[in-house]
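Annotated features, as they stand in Swiss-Prot:
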- 42-62: transmembrane segment (TRANSMEM)
- ASP131: active site (ACT_SITE)
- ASP193, ASP195: substrate binding site (BINDING)
- ASP287: active site (ACT_SITE)
- 366-386: transmembrane segment (TRANSMEM)
- 403-423: transmembrane segment (TRANSMEM)
- 482-502: transmembrane segment (TRANSMEM)
- 503-523: transmembrane segment (TRANSMEM)
Amino acid sequence: MATLSDGLFDDMSVLGVIGYVLEQTRFIFLVPILKRLVNLCQVVSVLLFVDAAYMAIVVAIVKLLGRTPQKVLKWESFKSDDIELAPSSNHPMVLIQIPIFNEKEVCQLSIGAACKLSWPLDRMIIQVLDDSTEEESQKLVRLECKKWESEGITIKSEVRGGFREGFKAGALTAGMKHSYVDEYKCEFVVIFDADFQPEPDFLERTVPFLVHNPEIALVQAGWKYGNADECCMTRIQEMSLNYHFAVEQKSGSSILGFFGFNGTAGVWRIKALNEAEGWKDRTIVEDMDLAVRAYLRGSKFVYVDDVKVKNELPSSFQAYRFQQHRWSCGPANLFKKIAMEIIKNQNVSLWKKVYLIYNFFFLRKIVVHIFTFVFYCVILPATVIFPEIEVPKWTTIYIPATITILNAIATPKSFYLILYWILFENVMAMHRSIGTLIGLLETSRVKEWIVTQKLGESNNLRENLIFPDHYSFPERLRWREIMVGMYLFICGYYDFVFGRTYLYVYLFLQSIAFFVVGVGYVGMPVPSTPVQTSE
């Protein structure tokens, strides 16, 4: 074996030696490592495809056979179509909880919609759980509650005095502890977030499932969005959420009677909620935590896709990013805390345990986020610099195209936005990956809770917030997105000059997407200091 003393590098410059070392490093270390990573990503890609295909097939079969919840389960409306003529004794006692935290733009909407529900007035209690610290928000809530109380509605405004222990879970728990909940013998509890506006017949269409099917613990309604057409970002959110409800929630409800509770627009059987030990604030996804624990005790859930509740999508990127952090960090952290509980549980079958651990948590809450960013934004771009590594088309084109089409079908009107959806979702995958890792590693932001900013239906408010004077260009810059965009652009340029494929087309487009987000030109530019409380 040649050494330096043999004269191998005698005629080489320093740059030549460095080049030789780099070339050897490339062949001995980088190429083998990258090949293994590509192979691993191919396996993960197949697993995600199988899971997506499974859910799509289930939904297709359910639709073809017409197996709606009303046909599969016992469902009977209450005796009289006229709520004023129907004996109130036919209707169970319902508690409606509306947790609020400094949401003055929307709180009146949700309170008003809840008070207009078609249900005997003596058979429902509306409980406004106001943890607000802003005086204006507190005043609006008090006035709205007094207004409806004067019209004969049983409505309670409960304030914890700025002591927001446990965030939303803490507020819901505190609400259940009030003596009148037991005195009125409430059987079911409905949760609406502050921006949710149910239709008057919401209870009439959901509660019968619980009344006539004692094994059902939760009825989850779908969502519809009042501001979906506000900007491209809200349209993309609508596409993702429509897929979540139409495919993920519906398939879980149809096969196993399980899905993750969405935290709002749902009706719980109070007995089942209490048997599952109620709300816990150990993570920032108290809704999913409760759903898993209730399911492990034998409860079943039903998703009713023909009942939808209007709400508002976050229209600024900042608000959306904070929301996605909570939705990615929380499930990963919950998985870490509850995995052993699932394994040791004796009430559910092995198949259900596998589904919870592998499909529900591992694939859909952890792997999908990390894989999407790492493969499509890190590993795949790197392969253009290593021509020795070939990535098959089924990994880069066929599988992702199929999964993308399955997502887009849920929102036909936005199908033409499919390219924007792909590029934006890859950008968001970076934030979701960070959130997932924070949840798994339990770093400092693991209990970070930032209320998603909503603007309500005030056009004046929206106009005033669109282009504020203090929102300068440097304030918009997001350096993580810019750095990833530069990496993708460099890889794309290298492939354009030296490559033999057309991967540079994707790389240039994806780099542009990262740059656009990086300079703050996505969503409605509504800068503000977010309301944040973290432990």
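Here, residue 1 is simply the first one shown, and the rest follow in order.
Glycine is no exception: its Cβ is also placed from the backbone N, Cα and C atoms.
Comparing CA positions across the recorded positions ASP131, ASP193, ASP195, the one lying closest to ASP287 (active site) turns out to be ASP193. At the 8 Å Cβ cutoff, the transmembrane segment (42-62) and the transmembrane segment (403-423) share at least 3 close pairs (sequence separation 6 or more) and count as touching. For ASP193 (substrate binding site), the same-chain residues that are 6 or more apart in sequence and have a Cβ closer than 8 Å to its Cβ are ILE98, PRO99, SER110, GLY263, THR264, ASN311. Proximity of distant same-chain residues to the transmembrane segment (366-386), defined by a Cβ-Cβ separation under 8 Å and at least 6 residues beyond the stretch ends, is recorded for 26, 30-31, 34, 37-38, 41, 44-45, 47-48, 328, 331-332, 335, 396, 400, 425-426, 429-430, 432-433, 435-437, 440, 484, 487-488, 491-492, 494-495, 499, 501, 503-504, 507, 510. Of all Cβ atoms in the protein chains displayed, 26 besides its own lie within 10 Å of the Cβ of ASP195 (substrate binding site). With every protein chain in view, the residue among the active-site residues ASP131, ASP287 whose Cβ has the most Cβ partners within 10 Å turns out to be ASP131.
On a Cα basis, ASP131 (active site) lies 15 Å away from ASP195 (substrate binding site).
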